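Here is what Swiss-Prot records for this protein:
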- 22, 57, 58, 59, 81, 82, 83, 114: 5-amino-6-(D-ribitylamino)uracil binding site (BINDING)
- 86, 87, 128: (2S)-2-hydroxy-3-oxobutyl phosphate binding site (BINDING)
- 89: active site, proton donor (ACT_SITE)
């Protein structure tokens, strides 16, 4: 029986982090968590991490697609925070961002890790950005590290 599993070691691999500026007070903590995870768990150097800032979560898929087409990243990490308000805007932005990022991943065959938190309140967002519920940016980075290694073995 052959079992393929990923590890976190990724020295020499290139990572792009596409980051939404909207809700930056939350997103900055998610970004810090992602960068820390890449360096600490993946042994990734600063020069192998590219950070691309876009206006909001809706713009993440287009930037990820452009990065994937260039072929210079082994994995892409998408980071953002969509917080529910009083209108259906939340549903459109969260759904289209998720769908677009999944499409980029499947079409490019490059891991696109989903670090976009979708919450009902600012309090929930804060919890997912490094307090009670861990840091979802760090979790997305760990997923990217593992997938780079899994795909290299398939």
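Note that Cβ sites are derived from N, Cα and C of the backbone, with glycine treated the same way.
Quantities reported herein were computed from a predicted structural model and do not represent experimental measurements.
Swiss-Prot feature annotations superimposed on the structure.
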residue: 22; record: 5-amino-6-(D-ribitylamino)uracil binding site; Cβ contacts under 8 Å, 6 or more apart: 55, 56, 57, 80, 81
residue: 82; record: 5-amino-6-(D-ribitylamino)uracil binding site; Cβ contacts under 8 Å, 6 or more apart: 23, 57, 90, 93, 94, 97, 116, 117, 118, 119
residue: 83; record: 5-amino-6-(D-ribitylamino)uracil binding site; Cβ contacts under 8 Å, 6 or more apart: 23, 26, 90, 118, 119, 120, 121, 122, 124, 125
residue: 86; record: (2S)-2-hydroxy-3-oxobutyl phosphate binding site; Cβ contacts under 8 Å, 6 or more apart: none
residue: 87; record: (2S)-2-hydroxy-3-oxobutyl phosphate binding site; Cβ contacts under 8 Å, 6 or more apart: none
residue: 89; record: active site, proton donor; Cβ contacts under 8 Å, 6 or more apart: none
residue: 114; record: 5-amino-6-(D-ribitylamino)uracil binding site; Cβ contacts under 8 Å, 6 or more apart: 78, 98, 101, 102, 140, 143
residue: 128; record: (2S)-2-hydroxy-3-oxobutyl phosphate binding site; Cβ contacts under 8 Å, 6 or more apart: 117, 119, 134, 135, 136
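The candidate set comprises the binding-site residues 57, 58, 59. Of these, 57 has the most other Cβ atoms within 10 Å.
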